[in-house]
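Features as listed in Swiss-Prot:
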REPEAT    59-108  repeat 'RCC1 1'
REPEAT    109-167  repeat 'RCC1 2'
REPEAT    169-218  repeat 'RCC1 3'
REGION    432-480  region 'Disordered'
COMPBIAS  445-455  compositional bias 'Basic and acidic residues'
COMPBIAS  456-467  compositional bias 'Polar residues'
MOD_RES   Ser465  phosphoserine
MOD_RES   Ser466  phosphoserine
MOD_RES   Ser483  phosphoserine
MOD_RES   Ser492  phosphoserine
MOD_RES   Thr510  phosphothreonine
REPEAT    525-576  repeat 'RCC1 4'
REPEAT    578-627  repeat 'RCC1 5'
DOMAIN    690-885  domain 'DH'
REPEAT    1049-1071  repeat 'MORN 1'
REPEAT    1072-1094  repeat 'MORN 2'
REPEAT    1100-1122  repeat 'MORN 3'
REPEAT    1123-1145  repeat 'MORN 4'
REPEAT    1151-1173  repeat 'MORN 5'
REPEAT    1175-1197  repeat 'MORN 6'
REPEAT    1221-1244  repeat 'MORN 8'
MOD_RES   Ser1335  phosphoserine
Amino acid sequence: MDSKKRSSTEAEGSKERGLVHIWQAGSFPITPERLPGWGGKTVLQAALGVKHGVLLTEDGEVYSFGTLPWRSGPVEICPSSPILENALVGQYVITVATGSFHSGAVTDNGVAYMWGENSAGQCAVANQQYVPEPNPVSIADSEASPLLAVRILQLACGEEHTLALSISREIWAWGTGCQLGLITTAFPVTKPQKVEHLAGRVVLQVACGAFHSLALVQCLPSQDLKPVPERCNQCSQLLITMTDKEDHVIISDSHCCPLGVTLTESQAENHASTALSPSTETLDRQEEVFENTLVANDQSVATELNAVSAQITSSDAMSSQQNVMGTTEISSARNIPSYPDTQAVNEYLRKLSDHSVREDSEHGEKPVPSQPLLEEAIPNLHSPPTTSTSALNSLVVSCASAVGVRVAATYEAGALSLKKVMNFYSTTPCETGAQAGSSAIGPEGLKDSREEQVKQESMQGKKSSSLVDIREEETEGGSRRLSLPGLLSQVSPRLLRKAARVKTRTVVLTPTYSGEADALLPSLRTEVWTWGKGKEGQLGHGDVLPRLQPLCVKCLDGKEVIHLEAGGYHSLALTAKSQVYSWGSNTFGQLGHSDFPTTVPRLAKISSENGVWSIAAGRDYSLFLVDTEDFQPGLYYSGRQDPTEGDNLPENHSGSKTPVLLSCSKLGYISRVTAGKDSYLALVDKNIMGYIASLHELATTERRFYSKLSDIKSQILRPLLSLENLGTTTTVQLLQEVASRFSKLCYLIGQHGASLSSFLHGVKEARSLVILKHSSLFLDSYTEYCTSITNFLVMGGFQLLAKPAIDFLNKNQELLQDLSEVNDENTQLMEILNTLFFLPIRRLHNYAKVLLKLATCFEVASPEYQKLQDSSSCYECLALHLGRKRKEAEYTLGFWKTFPGKMTDSLRKPERRLLCESSNRALSLQHAGRFSVNWFILFNDALVHAQFSTHHVFPLATLWAEPLSEEAGGVNGLKITTPEEQFTLISSTPQEKTKWLRAISQAVDQALRGMSDLPPYGSGSSVQRQEPPISRSAKYTFYKDPRLKDATYDGRWLSGKPHGRGVLKWPDGKMYSGMFRNGLEDGYGEYRIPNKAMNKEDHYVGHWKEGKMCGQGVYSYASGEVFEGCFQDNMRHGHGLLRSGKLTSSSPSMFIGQWVMDKKAGYGVFDDITRGEKYMGMWQDDVCQGNGVVVTQFGLYYEGNFHLNKMMGNGVLLSEDDTIYEGEFSDDWTLSGKGTLTMPNGDYIEGYFSGEWGSGIKITGTYFKPSLYESDKDRPKVFRKLGNLAVPADEKWKAVFDECWRQLGCEGPGQGEVWKAWDNIAVALTTSRRQHRDSPEILSRSQTQTLESLEFIPQHVGAFSVEKYDDIRKYLIKACDTPLHPLGRLVETLVAVYRMTYVGVGANRRLLQEAVKEIKSYLKRIFQLVRFLFPELPEEGSTIPLSAPLPTERKSFCTGKSDSRSESPEPGYVVTSSGLLLPVLLPRLYPPLFMLYALDNDREEDIYWECVLRLNKQPDIALLGFLGVQRKFWPATLSILGESKKVLPTTKDACFASAVECLQQISTTFTPSDKLKVIQQTFEEISQSVLASLHEDFLWSMDDLFPVFLYVVLRARIRNLGSEVHLIEDLMDPYLQHGEQGIMFTTLKACYYQIQREKLN
């Protein structure tokens, strides 16, 4: 609260705010007095009951005054001064309310408190007569799970009930009576219940009368509306009926359902069981009689009306009797809703009527102007207008066809005045004197009783025999009661047919929901819902029936009601247009008018000049706060007046039928009025320093401004839009846009006016003014409107309107002058109309002026002063800016009037404005022809070069202007550059050159910034740049360039050429999106080319250079092929992968390898999926040429020569069973020539062979069978030759490594500068990061950190050490982890080609040695790259000396000597390519490599595994004995889970368990070094286990160690131990072989072979 006090109250002191003045109701002359005993606290809100009141102060405290019988102490029952409600101390109360004898308050945390009389449960406490202190009311939503406490926003209290509005905009009720809106017969209701009928709707406010309730509800958005059903959901009867009589047709929407509410589908189940009382029959008879009345002849009118009168009287008597009996159940209630298209039918009937409009000039007052149909349209129609209209048309057509044309003459001869009948039927009796509360004079004492009125009306009805002009009906606002039997009309079918053909222009001027504004400001799209007792018509439904549930008062739809007040037995509704509708009891003139009936809302006649902005309703009087000329609110009183001495008023004149202005201007500025039973109260502010006066001025002028805008909209804009032949489509669209923007602005002003009224009721902090906090809403709306109206002006809209609108304007000239505030009678109509349309812009000056006034009320240093000052400047600045926009539009319009007509049509655009042209500023084209005419016109969006009848338009966004230097010979020259043109303009003088250059530069700058319609908020003038940027974003369509003809480019430009990111689209569907450089595609981009033949498109994503594909990219062909790899000059060049077809297609295949000029050349792998073959070898001109290897899925292996895609020349062929042919080939798998065929058993044939392998081979040669005594060493000599005819490992994938060297800036391996290589790496990383930033794939935090760390180049100064070696190792790990780094890209590619080669068909055991050689080649070539980047790195096999001795020494496992680095031949770290790179490379290549090892060792592994399974069946003791382990090494006891257990003969898998577990880890490691460490750790675990059992130090010998290690290997059960052994052997560093780890590895290898030879006895 401190901040609130510090704000605007500092300017004038809080003691001058919220002063309380109180009057006695009806006492004249008025004697206002200060509230007795009240101190100086500022009161924000007051509420009055019958004999008590409640005050809410600024600091959230609540005081009670008056008679308080519920208080416990006898002294406090009637205190002399207001007393503080101590129970609420500590709570910050935000609102209070009072009923007749109880009170309520709501705290800022949404808790409602009630106290006072509780006889009807109105305080939500059970079985308690009084609630002496404020008691919190527990309100919980039972539908929510778990139960949630409902937070309350507002309370309203009646005599016996209370309503609470929750923060979720739902109504909760408790107390007694039908006014609760709950379906229950058990009263009182002491537990708050939700009013389900309004659940799901947004309720804005609730109000309570004595026994009725009102709710202000926001209209449903149009998308939520459901179509109107044809039939009632309850009784399935038609909602609209048509009755065909002899000479007329009756259309009726008089259908009604029980309970007086229209039940929706969702409520049908809940309420279907409600019983109907016998009185429903009476009402049905009334309806029947009423229909008969409408169709009666003149002679029978009186008889029928008397019958109706009798029915009404009997009905009233019945309901009065029910009230006397005190029954709580309402036996009969009716809801007869208006059909949504009532007004549409009215429209038809208005056109049929030939009668003139009869204006009611009673009391000499000006009649309410007839409002157009659409202004009165109901906002929440349950169906779209088109649907409703079509439904109506179909109904009309059916009517017309039902009766003959001859009926028309009978009908048109005469009919009954529908209006008069409805007037008489609407008059309903007052409530009885008992219920009328304090009314001294009962209904029986009134001279003009209801019965008398019925008789008078029936007599008038007898005289009337003319067709009522339906427009007259509309003139009387609200005379039709839409909730009674409504649309009962007699319609001539002939005229209906005629009317059905009439087409009117549909104009919607109600703005749609505007999101932000609707969230910040009060909504004007509201409905009024009422329920409870209606004996005095206080529900507004046109009858005196009670309603158990809320029912919408349809005739208030579209009236923009913003506030409701409920008196004892009457109701008031305040609209945004400062009008008040009133209905209900008018016994004392409390409605502010004397019109009948009072059962429907009618306009109160308070002040003809001033609008109402606040209202209050007492028991039998009303109060109206009105705007006056000096902005000080005036207070009008209407209602009961206590006769003073000497007054001889008749009994029925105890009230004021006309509101009386109370003279209370001396009090100050009234901010709020509150009414009770016998007294009313006003909260008054003193005008210190003019602050309050300025606030009232702002609010008053805003409300008046809204009324004026509403009048313009309804009386000028809508009629104009409905005119025919308004000109071209563009003009009509522009006018409709003007109307739409005007309507939006008008609605915003209405909302703001309503919010200012609420603002004046509150704390009145300047900083919370919407016009300050959300100024952009207003600034944008005014700017949008100004844009649309100036566009309309430029296109000559007002001139085009002149002809079709002349009649309308002439008839309404006086109205036009009045609205536009033009006093000169000689002003032309079009000028007046122009002035009228620009009228709203003037309001901005008013905002600025009032905000400046408010600012002067504060200290200059205060934030309020600064904010008000800034906002004032903003509004003033916008007003001036929009004024300039208007002048620009008028200047442009004048230019178009003089411009040649043919070119005008193509150049004239709504948003185009003229800046300058060369006819008045001499400018010529350099080197122009002698007789040529060149006219240059500068618009805000283009420079136009006109020549005779032709012209060319240069958009400013892609135009560059620069002055020519004097050296170039152009003293007065301007160089103009556009994407496809470059020309020089010569001005007559240097001054002209400067003017043109400045004009063009500013225009280009404005076009680029899009500021043509944006106001320079917050500054005095627009800050123009000296020159527009050379680099900019723009869109352009090429028209000359052959390559780009008709293509459209949208993106970045630099000096007339595309440069930067952009999108280029060709008319034939081609599109490039990516980077440009100097007008050409350059950098990363995406290219699409449609393939019309295949109805697909080619798609390329990758790098470009100088307009051509160059670098890495992916090309997806329309045929389904995909190429990923390198490009050069739009051709595949370098390393790449081509996928052809899919597995399901006719010829799926895959090639990965080198390309040269779009053809396969060099080494590559081709996988023919259809034939199940894989070729790994050399290519030339797209064919296999040179050495290569082929493997098939059937196990065939060929290596040798290829020529033109065929096996031709020497080669070696192996089959799955190890049959080998080595010799000459002539075709694929075709032997031809000399060779040797070797059988699996070693027998071989030498000679000449011919034929295809697998289909019979002719042999001419010698068969050899080797001697039994020949050595086994010579048998596999052919296997040792494998690989000799394959491509050497170092020749494979050269293109991949060459690409990496190229990325580092080297022409060949090692040929380049190191610093340049590092620069290229940094550029590659930065570029890749930028591309990834724009791509949908977002890098993770760790990836981003890795990239950032890679941008730092490792610096090494001084001697090379282990630490520096470790830095390089860490850098390589990071670099190889990210494909954005050249090394990472290399590794990723190598992994891809390796897998491609050795997976699938390539998983052939014959390829193992090739695979191993390939890895070793990778290591050698990558190591070369690393040594180039880190020149200080020693050569392969060099030793790095240790900088310090190892901190802990251990004994050598093998020798027992103390050794720090027994693996190395000398102390230090040995540098090897495998040691540095295998940890990076091998984990990625491990799966395919290990698979080859497993395939190659398959037979050995099977024998080994069989032995392992067999030997592992034995218990530990038996196995140790069998393997020959010395007894001293047998564990005697074992520690299991900390418990020592003896080793039994049956114990299994327990001995040396830790060593076994350790050795099993060998399968989880990748590199030989890691596997060797596991082996070493296993030996150490064995040693630890033996030491624990021997309790003494010892030295292993191999005889002791081998059996124990053999036991561990067996128990470890490693499935592919042979593969592990061979992998280590092939890839381990040679220097390790003779060290400790080498010996341990040899031991493991020996165990592997030993296990295969073990036999178990």
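Note: Cβ is positioned from N, Cα and C throughout, glycine not excepted.
Each of 59-108, 525-576, 1072-1094, 1100-1122 was scored by its Cβ pairs under 8 Å to the repeat 'RCC1 3' (169-218), and the highest score goes to 525-576. Computed over the repeat 'MORN 5' (1151-1173), the whole-number mean pLDDT of the model equals 94.
Taking Cβ pairs closer than 8 Å, the repeat 'MORN 4' (1123-1145) reaches residues 1102-1103, 1108-1115, 1117, 1151-1159, 1169, 1293, 1295-1296, 1298-1299, 1389, 1392, 1396 in its own chain, all 6 or more past its ends.
Residue counts of the repeat 'MORN 4' (1123-1145) by helix, strand and coil are 0 helix, 16 strand, 7 coil (DSSP-based).
Residues 1074-1075, 1077, 1080-1088, 1091, 1094, 1128-1132, 1138-1142, 1145 of the same chain, all 6+ positions outside the repeat 'MORN 3' (1100-1122), place their C-beta atoms under 8 angstroms from a C-beta of that stretch. Here the repeat 'MORN 2' (1072-1094) has Cβ contacts under 8 Å with residues 1051-1052, 1054, 1057-1064, 1100-1109, 1118-1119, 1327, 1331 of the same chain, all six or more residues outside its ends.
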